[in-house]
Each structure stands twice: as C-alpha cells, then as structure tokens.
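K.L.:
One structure, as structure tokens, below. Some questions next.
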Amino acid sequence: MQTIIVVGNGMVGYKFCEKFVAQADTKKYKLIVFGEEPRVAYDRVHLSEFFEDGDAERLSLAPRSWYQENTIELYTNERVSEINRATKTISTSKNRTFSYDHLVLATGSVPFVPPIRGVEKKGVFVYRTIEDLEETLAYANTVKGGKAAILGGGLLGLEAAKAVMDMGLEPHVVEFAPKLMPRQLDSRSSKVLQVKLESMGINIHLSKATNQILGNGKITGMEFGEDDTLDVDMLVISAGIRPRDELGKSAGLDMGTRGGIVVNNKMETSDPNIVAIGEVALYNQMIYGLVAPGYEMAQVAVDQILGKEETKMAAEIDMSTKLKLIGVDVASFGTPFMPSDKGHSIIFENKTESLYKRINVSHDGKKLLGGILVGEADDYNMLLQMYQNEMPLPENPEALIIGGRGEGGVSFGSAMDLPDTAVVCSCEAVTKGAICCSVLEDGNENLKSVAQATKAATGCGGCKPMVSDLITESLKTLGKTVKVQICEHFEYSRQELFDIVKLRGVQDYDELLDTVGTGHGCEVCKPAVAAIFASIYNETANKQNTIQDTNDRYLANIQRNGTYSVVPRVAGGEITPKQLMAMGRIAQKYDLYTKITGGQRIDMFGAKLHELPLIWEELIKEGFETGQAYGKSLRTVKSCVGSTWCRYGMDESVSFAVEIENRYKGIRSPHKFKGGVSGCIRECAEARGKDFGFIAVEGGWNVYVGGNGGANPKHAILLAEKVDKETAIKYVDRFIMFYIKTALPLQRTAPWLEKLEGGITYLQNVVINDSLGIVEELDAEMQALVDSYKCEWKEAVETPEIRERYTHFVNSEETDDNIEFVSLREQKMPKEWA
Amino acid sequence: MTTLGLSTYKTVTEEDVKFWFKAASVSKFPSNGGACIKYKNKQIAIFNFTREGTWYACQNLCPHKMEMVLSRGMIGEENMEAKVACPLHKNNFSLKTGKHLNGDLEAIATYPVKVKDGFVYVGFSE
Ligand code: SRM
Ligand SMILES: Cc1cc2nc3c(=O)[nH]c(=O)nc-3n(C[C@H](O)[C@H](O)[C@H](O)COP(=O)(O)OP(=O)(O)OC[C@H]3O[C@@H](n4cnc5c(N)ncnc54)[C@H](O)[C@@H]3O)c2cc1C
Ligand code: SF4
Ligand code: FES
C-alpha cells in the first residue's frame, strides 16, 4: 500500500482526489488530504454567488461524506507546516507527522497585497476565501451606503466591484494601468467596458498609483498623489496573486525567481517524489491563475503517479477567459492583441450599445488567432472552438462578428461541425466526441445526466450552452425530439403538460402523475403543475394546497424567521385615506412591521401563521382583497398620476392601471408578471421596466412587452403603437395568454421573448395578425380567467377546513416559541440569523 | 425555552422507542403533506406521504438557518427516496435517513411513526 499525501484541499487538490479515486485501485493506495481552511474544498470561481444566498454549503465541490465513501482521510483546519524530504514525512500545525510515498503540493495562492503604507488598517480586505467574504460582508454592513474601493481593475477586481455594489456600497475601481483588464483587453475594448460599467454605477479610476491608505485605525480614504485622494469606507485588494510556495522553499525545492515551485511537464518538482499542481506550480515560467490548467495538471499528476507516463502537460496553455460579471459580457481568447506582422484584425464597435468585437485573423485569412468580445459574448464558445481547432474561416470572416444571431445570419453552422477532438469543456477537458458519445451510446438525454457522466459543464459553466446544443443535435440524429423535461417525474416540457392537462381534462396532480408521470413527484414539478391547473381552471391555491410552493400554500410570503407578510391589493397604487387608516389600525393591532413596497402598495410583515386568517378577516371586512404578492401571478400595475392631475399627462394612466390590474388579478402564470401605465413618455411609472406597459402618446397608447427589473434588467419592446385602449388590452391579453401557454417554468416574459424564435416580429404576427390562427382561442381563454376570479383569502377565511391549516401545531394551541423579534426604528424585525 | 438548538433532536429508531406519543388524529395531516406537533420541548414535523402509503416524522428545525419550518415544506421523492424540501431555501432532506441531499448540512433527526385507530403516534426514546 502506497500513501499519497495531498497538501491543500482547494479546487485543484480536490480535483486530484476526484480523478485519482476514479482511476486508481483504492486498495493499493491510501490518500490523505490536508486543508488549512475550515471547510471542505469549494468552488472559488463562484465565490461571488455566496452573496446571493449566503449559503456556503452550496459551493462545496463534494460533501464531507464523499471523502469517507472513497476512503480518503481528510483533515481540514490543519496546515502542513514542514516537509522532511529525507524521511519522506510531513508535519502539521497540530504537531502530527505522517509519511508519504508521493507528495502532492496543491497549496494554491494568496492575494498579493502591495506594500502600501496603511494597508493594515481596519476595513481593508482581500477576496479569496469564504471567510474573506464573510468578513468583508460584516464590515460592509457597518458602512452601508458608503463607498468602497477595489484596488485592481482585472478580472477579479471587477467581480469584487460587483460584489461590493451588491453589499450596498458605492464601488470605485482603482487601477494602476491606463486601462481595465489590462491582460485581456486592448485599449478600445477596455474603454467600451469602462463606459458600460460606469453606466451601471461602478466608478473607474485609471492610472492611479496608491501611495497611502488614510485613516486613523480604520480606512477613510486612499491617497494617490499629493492632492489626489479618494474618500472610501472600505477597500478590497485584488492586485494579483502570489503562489503559496513556502513549503517548497523551506524544503529546498527549485523555485522560480519570483516565487512558485518549478515543475516539468510531468508536474514533477526537483524532488521526483513531490509533484506540485494548481496555482502554486510554476510551469513554463508561469503561474496560471485559472482552474482549467490546474485541472489539467491534476490529471497529469494522477497519471504520472499511476505510471501512465505518456500523459504530459501541453506545451502551450490556453488562457482564454470569459468574465462572469453579471450585466456585461467580456471575453478574450487566443492572442487578444496581435502585432500587425502576424495577421490583421477585424474590429466592430458600437459605442451606443457598448459593443466591441475584435477577431485576429492570419494574413492568409485562413486561421483565427484570437479575439476580444465586450458587451455580447454569445459567440465566444464557437469562436474559441474555431481558434483551438484551427478550423477554416468563412470567406468573409467579418461575418463572424457582425450580422449577429437571430437576424438570419448565423455564420458558424452548428456545434456539430466541430471535430470530435474539440475540447468543449475546458475546465474538465471534455471533448465534443465524449459529449456526443454519452448521448448516442450511453443514452444520456439531458444536460444533468450528460454532466454527471462526463463532468462537462460542471466547472465554470461557460460551456453549458454549447453542451446543450450538442445534446440536442445528437438526439436529433437519433430521431428523438428534444424537450426541456420538467424534472425526473415527467418526461414532458411545461408546454406539453399544459396541453395534456387541458386536452384530457386532468383534474388533479395525482391523476396527472399516475397517467403520464412516474414516482411521487418533487418540489420542482409540483408547483409547476399547480400553476398549470391554475392557468387552465383558474382554481385557487387552496384546492391542491400541498403541491403549492410554500408562499402559495399559505397565501402569504414566508419571511426569514418563518413568519409571513400580508399585502392587500392596491390596484394602480390608488388608495383612499379610509383604507389607509383601516390598514394602519390592523397593522397596529397585530404589531406588524409596515413598509411601502417598490410596487406601490403596503406590506405588513411579521404575522404568525395562526394570525393570518384573523388579519385577513379584518382586511376583507374593510374591502381589501389579496394582492397575490406570494404568487407567480399578476403582482402590481404601477401607475403615474397621469392626466387627472399632471400637467404633462396625455391620458388617464391611473384609471387605466386600476382597470388592467383588476382585469389580470389572480391569473397565475409561469412566473410573476407586472405592469405599468405612464401618462406620457416621461415614463414616471417605469412601464418599460415591466412585463407589459402602456404609455400614453399623442393619438393613443403605445404597448410594450417583455421588460423587467430584477437581476437582469430589460426594457420592454414596442409591440404596437398609438392604439386605442381596447386594442391595447386585447393585444396584451393575447400576449399574456400565449406566454402562459408556452413559457418554461419560472421563466419571465423577457427571457421567454428572447428565446422565442423570430422575436418581437413573430409575436406581433401571432397576437396582431393572427398568423397561427389562435387569437380567438387566446381571447376566450383570457376572458374565462378574468370571469372566474375570486379572492382566495376570502375563500380561505370563509372555509373552516382551510382556516384550520393556519396553526403552527396541530396538537397544541401554543405558538412557535422559536420566533424572536428585536426592535427597529420604532417597529420590529426578526432576530438575526446566527 | 426559545431557540432550542440542533442538540435537542436525535434520531430515534424503531428499536429505541420507549414511548409512543399520541400526537393527533390522522385528519390533521393533509394528504401528501405535513403538519407540526409539539412534544415536550420538541417540534416534530409529521408527513402523511399518501402516495407511498407511508408516514414520516423528523425535527421541524431546519439545520440551515435554524428555523422551525420543515413541516411546511413540500414532500416528494428523488430516486424513490422520500424527501422534504425546506420552504425557506429548498434544502432537501431524506425522510428515511435525514441526510441532506443537495449539500453538506448536518442530517436531520428522524422519528418512527405509527397509525392506530385513526391516531398518529410518534416514537420517542425519552
Ligand atoms: C416587498 C418588495 C420589496 C419592497 O419592500 O419594496 C419585494 C419583496 C420581495 N421580492 Fe421583489 N419585492 C418588491 C418589488 C420588486 C420590484 C419592483 C417593482 O415591482 O416595481 C422588482 C423589480 C421589478 C421586476 O420584478 O421586474 C422586484 C424583483 C424581484 C425579483 C427578481 C425578478 C426577476 O425577474 O429577476 C425577485 C425574485 C423572484 O421573483 O424570483 C423578487 C422576490 C421578492 C420576494 C418575493 C423574495 C421572497 O421570495 O421572499 C420578496 C418577498 C417579500 C414579502 O414577503 O412580501 N423580487 N421586486 C416589493 C413588493 C412589491 C409589491 O407590492 O408586491
Ligand atoms: C473570486 C474568484 C473568482 C475566480 N474566477 C475564476 C474564473 O472565472 N475562472 C477561472 O478559471 N478561475 C477563477 N478563479 C481562480 C481559481 O479559483 C483558482 O485558479 C483555483 O482555485 C486554483 O486552485 P488551487 O487548488 O491551485 O488553489 P486554491 O483553490 O487556493 O486551494 C489551495 C488550498 O490549499 C490550502 N493550503 C495552502 N497551504 C496549505 C498548507 N500548508 N497546508 C494545508 N493546506 C494549505 C489553502 O488554504 C487552500 O484552501 C477565481 C478565483 C477567485 C478568488
Ligand atoms: S426584497 Fe427583493 S431585493 Fe430586497 S432582499 Fe428581498 S428579494 Fe432581495
Ligand atoms: S432554513 Fe431551511 S433551507 Fe434555509
């Protein structure tokens, strides 16, 4: 039995273990892993996602139990402090000693902190581990609304900028070079990116050398030149990385002059029993700060240890990258900048749209050498493939970057044209051949199972679209149609299930599962099917309450401490003083926290489960009805004051908003949908930020569809111009009905419209010109929904069996004693999560 | 008595049962859904998995953010292993073993359930 010790349980160290146990006879080898961090290896690449849900577990690459199952001894929170090459042993921070036959150094790197005066001050952070992030976040909470600087305008720095913005701080990126992302972008593309980022609220300061961090104990600013300072409350340093090579140094291994443990193409260090992989390894005199080369190194190291000596590291390593920054696509591949003696560049730039695309082509026009994409990088995967596989270019290579998708001119043909050896997933080095084979020969039919079988798309995820395309195309060659299956329990897409329910008149979930599904269902298909029943029969969530998402099940939004919020409908945002007083009285009686929402109504938070029917009983008595703030259904129709009061108003926007909100209230759909009505093009109601919007203009209403705010803001697109109110309503009726019938679960109108082949023109043909011959049907279906509306809270308070559901314990009158509130500005809020 | 931690809940197997607590009548538990009962200082979620013809019980406390909410979660199955999805962030737990299925949280405690004469009983070891 041979012992292999892995130092470092980071991304590459983990990958080594994964590849090793997959290939080696585990009876012959014992694997021991040390990690200095308290957690098991996690996905650093998606560190920023930690903000979204604060859920560290979700990032882990494999649960602790995985190590046990594979008989790997894992010691986290334990640093290896010394290597003794003579005795082939290591010792750890807990003063333990272990012997090895092979030693794998995967200690990664640390952020480089430049020796600036004052960097030790409070409020200065780096960005590499979950703990870094937690500390940053905790500090950010104390300076909310303040300013944060990011030192370094590279890939990571920009990601950090987005992160601090999400923390509620004003981001300022400070870069030493005269441009952003100096390693990946040329000056023009960097300028385009800069303008785009500035428009998103990220401030950029270029050519700034920081002399000093100002502040007494904690940071208050940065000083660049004599009179050149920037006031900030926090600083995140992202100025490059330094390999964590101290073990190599103290053990006397060959080191690079600027750090890093030197390895050859077998990943061997100067000691043949020690390999180094990942960001600590200096290969070709370079440290590669990306996962893909690290994973490749892990593969080479595994094969070398197992005696497959022919596996070696490639001589040239691809550094192509795509930024994950939400809101802007940025990618560069191959040789992004190229001297003109090597070839020529084709550049497309559109400043108003923040678009920049550059490809570098060999002099003979036959080969793609590299390129840069800013603003839109949909074609990145395909271009990267053409470059990596030296595929022949079309006669007019500019077609690769102009013309764009959708408008007929897809210049690449399909992913199927790639050679089988093309590496599609570079993180896991999975080829096109392997992906297609997993579909054609092993019978995998969807992304999840192909990903499980091949590991493709499990790294940075950038190749997902291409892997999906390959699966779809491979299935087509088998004569199978491809559908987006809802989950493992139904081999149908949402649209197909919708038709099945409708045509067969299926009445409930169990019946549907028994006739066309398998197993007992899950939290994915249940609410999706519930929404279908609701859209077809307009039944309320009370009928089949256990298949509803929790908010629908209890007709209220669950809050962080398990209490609920109450939001009555305030159509169009119009409310009488009497109603306001009634709401105030009820909120006071039940001690609810109240807030005006972003949707022009009032939210009352902190109601306990058993209080919900009591509160609603009183609200209903005062003439309120449910606002469906919990539902995937119509939320609000926002209005501006319009011509009734406003001196610019072209028409009565409030009246229209009230009418349309009452028309669509209670209609359930694949995702929530919202509307807006503005009285003139000043657009105070932000109608173009909604799923549907009306704007009064000279001579009628302009109708917009497919907008939203949220994580990926999209402006709605003009569907019809200057139409009268009745026509406007008719078009939107049909648009909504068509969306309800054909969208994927949890797909809002904007992404739906984006995926709709033919886009807005097609939609106009369907809802205006009746190209599919279905408008009569759509009209009738919409009218049926409108006519069958009922307030589900009224139904709930009036029906004893439903009321009974609102109790925390079914065997006791007591309430949940786990709920604790603390006070906040004369109101209350839930106690912080531990 | 508030914020009782995870240590309050320990899995009880059929063999360990010292006492069958008469929780509530069958009618209190929706078909294919759950409800919560109180036993001493414990909150226990009980699920009536009608489609399987099985009953399950587990702690009501979600180990993710320590909220008493699991009984309000949706139940279902993955590879025929019964599970509950927490209503707050959709963490999934096996109702058979308590294991966290989509991550690395601590397993939840599970308890044996039996139904007799229209009443649901949960087995405890203390
Ligand atoms: C209360 C409110 C914030 C506020 O205090 O102002 C709010 C609160 C929540 N929003 Fe919102 N959103 C609120 C207005 C908005 C707006 C503004 C608007 O409607 O004009 C937006 C951007 C506009 C848009 O939707 O396009 C908005 C975009 C979101 C999104 C992102 C949707 C997207 O497509 O990206 C989510 C997440 C989701 O739905 O999946 C979300 C989800 C949520 C949830 C439901 C999260 C949750 O599941 O618990 C919050 C529920 C709170 C509760 O218990 O009531 N909320 N949310 C606002 C309620 C409006 C209302 O009266 O009903
Ligand atoms: C925010 C962020 C975003 C990124 N985005 C991308 C991206 O989009 N694409 C991309 O390709 N790359 C990206 N990266 C880089 C990528 O995460 C790294 O390339 C990768 O993590 C390197 O893996 P590694 O195992 O070499 O190092 P690490 O993941 O850092 O792992 C090394 C581990 O070893 C431990 N360790 C060190 N010394 C010892 C010791 N003596 N004893 C025990 N344990 C020790 C460390 O604590 C650490 O846990 C990103 C990085 C960050 C921080
Ligand atoms: S209210 Fe909306 S934006 Fe605010 S935290 Fe909740 S989901 Fe996020
Ligand atoms: S509290 Fe249960 S999943 Fe977060």
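Count begins at 1; order follows the chain as displayed.
Every residue gets a Cβ built from N, Cα and C, even glycine.
TrEMBL does not curate its annotations; it predicts them automatically.
Remember, it's a predicted structure, so these values are computed and weren't measured experimentally.
Below are the features listed in TrEMBL for this protein:
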| type | residues | note |
| --- | --- | --- |
| DOMAIN | A:3-304 | domain 'FAD/NAD(P)-binding' |
| DOMAIN | A:320-386 | domain 'NADH-rubredoxin oxidoreductase C-terminal' |
| DOMAIN | A:423-473 | domain 'BFD-like [2Fe-2S]-binding' |
| DOMAIN | A:559-620 | domain 'Nitrite/Sulfite reductase ferredoxin-like' |
| DOMAIN | A:631-756 | domain 'Nitrite/sulphite reductase 4Fe-4S' |
| BINDING | A:C640, A:C646, A:C680, A:C684 | [4Fe-4S] cluster binding site |
| BINDING | A:C684 | siroheme binding site |
K.L.:
Would you mind splitting the domain 'NADH-rubredoxin oxidoreductase C-terminal' (A:320-386) into helix, strand and coil residue counts from DSSP?
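P.N.:
The composition, in the requested order, is 10 helix, 30 strand, 27 coil.
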K.L.:
For the binding-site residues listed here (A:C646, A:C680), which one has the lowest count of neighbouring CB atoms within 10 Å of its own CB?
P.N.:
A:C646
K.L.:
For A:C680 ([4Fe-4S] cluster binding site), what is the secondary structure state per DSSP, taken as helix, strand or coil?
P.N.:
coil
K.L.:
Is it possible to get the count of other C-beta atoms within 10 angstroms of the C-beta of A:C640 ([4Fe-4S] cluster binding site)?
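P.N.:
There are 27 of them.
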K.L.:
When secondary structure is assigned with DSSP, how many helix, strand and coil residues does the domain 'Nitrite/Sulfite reductase ferredoxin-like' (A:559-620) contain?
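P.N.:
Each residue of the domain 'Nitrite/Sulfite reductase ferredoxin-like' (A:559-620) counted once, the result is 28 helix, 14 strand, 20 coil.
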K.L.:
Would you count the other CB atoms within 10 A of the CB of A:C684 ([4Fe-4S] cluster binding site), including those on all shown protein chains?
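P.N.:
I count 18 other Cβ atoms within 10 Å of it.
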K.L.:
Averaging the per-residue pLDDT over the domain 'FAD/NAD(P)-binding' (A:3-304), what integer do you get?
P.N.:
93
K.L.:
Using the Cβ centroid of A:C640, A:C646, A:C680, A:C684 as the reference point for the [4Fe-4S] cluster site, which residues of the same chain not in that list have Cβ within 8 Å?
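P.N.:
Result: A:V641, A:G642, A:Y648, A:G649, A:S653, A:S678, A:G679, A:R682, A:E683, A:A685.
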K.L.:
Within the domain 'Nitrite/sulphite reductase 4Fe-4S' (A:631-756), how many residues are helix, strand or coil going by DSSP?
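P.N.:
Reading the DSSP string over the domain 'Nitrite/sulphite reductase 4Fe-4S' (A:631-756) gives 43 helix, 35 strand, 48 coil.
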K.L.:
Determine how many residues of the domain 'BFD-like [2Fe-2S]-binding' (A:423-473) DSSP places in helix, in strand and in coil.
P.N.:
27 helix, 5 strand, 19 coil
